[in-house]
Amino acid sequence: MLVVLGLLTSFLSFLYVIAPSIRKFFAGGVCRTDVQLFGKVVVITGANTGIGKETARELARRGARVYIACRDVLKGESAASEIQADTKNSQVLVRKLDLSDTKSIRAFAEGFLAEEKQLHILINNAGVMLCPYSKTADGFETHLAVNHLGHFLLTHLLLGRLKESAPARVVNLSSVAHHLGKIRFHDLQGDKYYNLGFAYCHSKLANVLFTRELAKRLKGTGVTTYAVHPGIVRSKLVRHSFLLCLLWRLFSPFLKTTWEGAQTSLHCALAEGLEPLSGKYFSDCKKTWVSPRARNNKTAERLWNVSCELLGIRWE
């Protein structure tokens, strides 16, 4: 037993010694474009923390007027103040948005449209992970509501402004976890069977399928859309799982920082020449492969129609 513990300790010590080299290998791609955003308007959901916050920081640094749309306004204001001080850009604004509540989503959109006549970039960044089973006030399972339906509705409500401001982009944060996902139309809300891990995977697959179908419907409008896997990032997304929090802490030297995790979102929001790749899935700042289920056009169209029915909207 002592020998095993000794070997394990030696192995972990070795890993931590070579951690900088491993970190450099897993850091991933970097957004290389020097595009400036003076006069441009951006909305980022969940930008009060993590990847979203770093994305907002970089877009503000480039001169954009950035709206941090988040549930916790106090944390949002704290993030905005930090970004303003760091970038010397005072145009970082915070607005209340609870993606688990369709009334909040509609209120945010109504306020934004009254306030702004342009919208050039929408980044659907917010998300939840590994939540115990629960339903929102609208009767939707939490992962489905926040990660998919909330952003589906928000994009629907803001799309007119995006079209008016074209060229414009919609970036949807997904995950490599979509490979384990399946759209279970017979039990979309998890009433018959629920697993908090798979619920997250299903919602991330929904993000990729939404992006695929949205791109098809936006052809010729000047608005393009991209799905993004940010990488395995040191963030608070795993806060609902004690085991993952422990693993994240143990392996934190090997995980991406939030700055690194933001790079692919920035690439898809800013890089020149991406228009022909609308609807595609990106990781480490390049197009990458998706699961067979994520390439199913019939599933994408059906999910679109079911989402419209659940939300009571008609998407022209």
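Note: Cβ is positioned from N, Cα and C throughout, glycine not excepted.
Features of the protein shown, as given by Swiss-Prot:
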BINDING   GLY46, ALA47, ASN48, THR49, GLY50, ILE51, GLY52  NADP(+) binding site
BINDING   SER175  substrate binding site
ACT_SITE  TYR200  active site, proton acceptor
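Locations of recorded Swiss-Prot features on the structure.
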residue: GLY46; record: NADP(+) binding site; Cβ within 10 Å: 28
residue: ALA47; record: NADP(+) binding site; Cβ within 10 Å: 31
residue: ASN48; record: NADP(+) binding site; Cβ within 10 Å: 24
residue: THR49; record: NADP(+) binding site; Cβ within 10 Å: 20
residue: GLY50; record: NADP(+) binding site; Cβ within 10 Å: 22
residue: ILE51; record: NADP(+) binding site; Cβ within 10 Å: 31
residue: GLY52; record: NADP(+) binding site; Cβ within 10 Å: 29
residue: SER175; record: substrate binding site; Cβ within 10 Å: 26
residue: TYR200; record: active site, proton acceptor; Cβ within 10 Å: 25
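Secondary structure at GLY52 (NADP(+) binding site), as computed by DSSP, is helix. Excluding GLY46, ALA47, ASN48, THR49, GLY50, ILE51, GLY52, which define the NADP(+) site, the same chain contributes ILE44, LYS53, GLU54, THR55, ALA56, CYS70, ALA79, ASN125, ALA126 within 8 Å (Cβ to the Cβ centroid), listed in sequence order.
Separating the Cα atoms of ASN48 (NADP(+) binding site) and the residue listed as 'active site, proton acceptor' is a whole-number distance of 21 Å. Calculated from their C-alpha atoms, the gap between TYR200 (active site, proton acceptor) and ALA47 (NADP(+) binding site) amounts to 20 Å.
Note: the CA-CA distance between the residue listed as 'substrate binding site' and ILE51 (NADP(+) binding site) rounds to 13 Å. Classification of ALA47 (NADP(+) binding site) by DSSP places it in coil, neither helical nor stranded.
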